[in-house]
Amino acid sequence: METMLPQKQAEEAIVASLNETESEVGGVREEEKELQDHSGFSIKNLLWHGGSVWDAWFSCASNQVAQVLLTLPCSFSQLGMLSGILLQIFYGIMGSWTAYLISVLYMEYRARKEKENVSFKNHVIQWFEVLDGLLGPYWKAVGLAFNCTFLLFGSVIQLIACASNIYYINDHLDKRTWTYIFGACCATSVFIPSFHNYRIWSFLGLGMTTYTAWYLAIAALVHGQAENVTHTGPTKLVLYFTGATNILYTFGGHAVTVEIMHAMWKPQKFKYIYLLATLYVFTLTIPSAAAVYWAFGDELLNHSNAFSLLPKNGFRDTAVILMLIHQVIGMHDTKSICLRALARLPVVIPIWFFAIIFPFFGPINSAVGALLVSFTVYIIPATAHMLTYRKASARQNAAEKPPFFMPSWTAMYVFNAFIVVWVLVVGFGFGGWASMSNFIKQIDNFGLFAKCYQCKGPAPPAMAAAPPPHHHNH
């Protein structure tokens, strides 16, 4: 959420690509333009963040995982191998479904507005506008509040992750000092232009996470099982739900779904892209988490960052550096309207403050997953879809009918209701209880403003570290 996290929202690029296309969905001019754009090879075509299906896929996949990769092995130690794999698949599919719902609501909003002759030629549609247009100002306020808070804490997690990672290359400075340094870099980065107008960043971002995931898997297998390794998870309910909530967070990288769609020449093609991106993400998250858990077992309960257990060598240092670069790109990417200020001082200061006061890489991810991602990514889109199509006339005139595998509107309604109830009870309810209990336990063990969270030395009396999110990384 990934990191999950403040994620790539290439507004200037989107506007630029929109200027070159006709705003009508599926219009003839649009198709002609698309053909022209792909007809000639040029460096600009290669690097510029275009609106093709591939661009959208790269954006979704590179947004979905980042730092959360490093915390998933810890989640597996809390959940056990079987639950860890099954919950990844479960939340991955559920996340893809709600991303699909967001795309349907976007198409509905756009179709209604275009009937009123509204042009989106020079305007980037944001998610909260979709909520406002379909359901009214209260929904807009709720959507905006959750999204902004989610992106704010996503940035906090990224900052904590940067300090946690760099420590494993240079441990002469403690993690808190590294947080000060990265916070200062963030504050000065206000003056650096955003590079994200170029599709090459999505490509590189995905390359970096792919390298790191396979480094984790291969390094764990080469290392082999640690001496006297044990795999006792799951042992405690509080740890089980903490780990489950981190996985819920992992597949919650939709903060920018609407902006990615809007950048496409043919937004109606977006429907299944998020699912295809998630299927690729499974090839990164499942093998790496399973291999590291196999190698280190219960030791991971007190090591929420997988780098901390793997031997220091050039491959590990490369992975650390790539994850840092991925984070820096992520910090520049957040350009949503509410967080256009993200890289500006008034917002950087609280991010810095929270990262220093709660440096719990892992547990903080689960807390954000339970309290924010559960609503932003799962409950709000599913409820909004049910309310938008509650009347027969709305269903009859819907821009998008139910997909081929859903036999009827009733089936969709039932499935959406299941998601709302499940995430409310399991994600927000049990997950909130478990992740906050674990979070408070970290404060009791390490204190606020901890100088070096989970550094070398005797392991603290454990209630395990909760894994970090993601971007999610969105």
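Just so it is clear, glycine is given a Cβ too, placed from its N, Cα and C backbone atoms.
According to TrEMBL, the protein has these features:
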- 49-331: domain 'Amino acid transporter transmembrane' (DOMAIN)
- 85-107: transmembrane segment (TRANSMEM)
- 144-166: transmembrane segment (TRANSMEM)
- 178-196: transmembrane segment (TRANSMEM)
- 203-226: transmembrane segment (TRANSMEM)
- 238-260: transmembrane segment (TRANSMEM)
- 272-294: transmembrane segment (TRANSMEM)
- 342-361: transmembrane segment (TRANSMEM)
- 367-389: transmembrane segment (TRANSMEM)
- 410-433: transmembrane segment (TRANSMEM)
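Beyond the ends of the transmembrane segment (272-294), by six or more residues, the same chain brings 53, 56-57, 60-61, 64-65, 68-69, 72-73, 75-77, 81, 84-85, 88-89, 92-93, 95-96, 99-100, 103, 209-210, 212-214, 216-218, 220-221, 225, 231, 250-251, 254, 257, 300, 306, 309-310 to within a C-beta distance below 8 angstroms of the stretch. The recorded stretches the transmembrane segment (85-107) and the transmembrane segment (203-226) do not share 3+ CB pairs below 8 A when only pairs 6 or more apart in sequence are counted, and are therefore not in contact. When each of 203-226, 238-260, 367-389, 410-433 is scored by its Cβ pairs under 8 Å to the transmembrane segment (144-166), the top-ranked stretch turns out to be 367-389.
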